Amino acid sequence: MEREPAAAEGPPEKGREGRTRVVRSNLLPPSAEEPAAGAAKGSRHLADNRLKTTKYTLLSFLPKNLFEQFHRLANVYFVFIALLNFVPAVNAFQPGLALAPVLFILAVTAFKDLWEDYSRHRSDHEINHLGCLVYSRIAQMK
């Protein structure tokens, strides 16, 4: 089997154009590809190569997002001020009115994070469903 010249590992340098590189696959040798006599067919588990860059799931969105938002000192400060308005001795204005701006900011930020995560999910789905070529060691040996 002849090898075609390919780019060498590392940055290209002058005089390395004619070199070849060896790519080793993680496939088992042909003798090991058949399952053992006692093993059920398809019992060998292979690693999944799907791309997943999303941060949230449907169940984890609200807790994770609130956790991330309350790591911002400004959000913690404004919630603290809004909660102080529920104490009659120190309230400056109506307690319900104090929560409105904080809840609005939290909701807008949560919607923005949800939209970004959905965009990542769509991009991952598109990449995961691209066509690819699969090379078989058995086909090469024939």
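In case you wondered, yes, glycine gets a Cβ from its N, Cα and C as well.
The following features are taken from TrEMBL:
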- 1-45: region 'Disordered' (REGION)
- 1-20: compositional bias 'Basic and acidic residues' (COMPBIAS)
- 30-41: compositional bias 'Low complexity' (COMPBIAS)
- 44-96: domain 'P-type ATPase N-terminal' (DOMAIN)
- 73-90: transmembrane segment (TRANSMEM)
- 96-115: transmembrane segment (TRANSMEM)
Can you give me the average pLDDT across the domain 'P-type ATPase N-terminal' (44-96), rounded to a whole number?
89
Could you tell me how many residues in the domain 'P-type ATPase N-terminal' (44-96) are helical, how many are strand and how many are coil under DSSP?
23 helix, 0 strand, 30 coil
